[in-house]
């Protein structure tokens, strides 16, 4: 068993352990250290699929005057990573430093007492081993970083200016992050979805932003963009698997709301938004492109769904059982899909 797989299993165990914990605890810092070390093991175990390209592009000398539109449109990652590499001069260390940036933002967003106090503790280590995030730091890297920026905008930002700033960072890290724009606006004007009614003005703005988002994602699927150019594949067709996950989550939420459609929509706005948006993009974008949209929507939807799921049970035993089932469902694809499992059994990187 490789070190990469061993430390992944350690994080899985921590996720199960925190299923029994209700309150915030400094022990979560241990999980942060373990996650940081695990990501170091990931980086020193060799690069797979897209990560080979990300490591190679670190050495490119990007310049706004000569770079193509493709790189300028997503300059936060391409120029930022290149700048870090110019100081560090090592691809492994540079990517690990970037890992520490998104890991810190993720832990703060999920673990701060003020803005995400309702998010169950187990979600924090769970997010590291959750299948779509595993695919992110092992392969589709910019999508992961953009998702973490969005999560920080939702759960870590203390005001609208900071939330907007991280929303822009996400957009210029990966243009497909525009898919979150209408949802982020709705989240902001309803104070985290706690305002029961939305004014007509805000509904109009939301509809306008949604149309812009549809056009933006469609444009990004054309040949001069990341979607059009990206031909790498993990060997796993996940488009309809992600759709099945969204449908299963919706079914569970609908049952927990006693089949009350109005309450289901009010309490699961993010989930409803995600499933309808994803379904709209499947025929328009095709397999690989829609798959990555599904991954990005699922990463942001999951902690919100986990929080709502936790609130639906009053008995501690019921909460623990549902949390453990939730963790098992989130990590199961890693072991069911050989291509995903192979990420964790990559041979150690040779020195020299």
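Note: Cβ is positioned from N, Cα and C throughout, glycine not excepted.
Predicted automatically and left uncurated, TrEMBL annotations should be read as such.
As recorded in TrEMBL, the features of this protein are as follows:
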TRANSMEM  6-21  transmembrane segment
TRANSMEM  28-47  transmembrane segment
TRANSMEM  67-85  transmembrane segment
TRANSMEM  92-111  transmembrane segment
TRANSMEM  117-137  transmembrane segment
TRANSMEM  144-172  transmembrane segment
TRANSMEM  178-195  transmembrane segment
TRANSMEM  200-219  transmembrane segment
TRANSMEM  239-256  transmembrane segment
TRANSMEM  268-286  transmembrane segment
TRANSMEM  292-309  transmembrane segment
TRANSMEM  321-344  transmembrane segment
Region pair the transmembrane segment (321-344) / the transmembrane segment (117-137), three or more CB pairs under 8 Å: yes
Proximity of the transmembrane segment (292-309) to the transmembrane segment (144-172), 3+ C-beta pairs under 8 angstroms: yes
Annotated stretches the transmembrane segment (144-172) and the transmembrane segment (92-111) touching (3 or more Cβ pairs under 8 Å): yes
Most Cβ pairs under 8 Å with the transmembrane segment (239-256), selected from 67-85, 92-111, 200-219, 268-286: 268-286
Cβ contacts under 8 Å made by the transmembrane segment (200-219) with residues that lie 6+ beyond its boundaries: 175-176, 178-179, 181-182, 185-186, 189-190, 225, 280-281, 284-285, 293
Leading contact stretch, 28-47, 67-85, 268-286 vs the transmembrane segment (92-111) - CB distance under 8 Å: 28-47
Contacting positions for the transmembrane segment (67-85) when only residues 6+ beyond its ends and CB under 8 Å are counted: 54, 57-61, 91, 94-95, 97-98, 142, 145, 169, 172-175, 224-226, 229
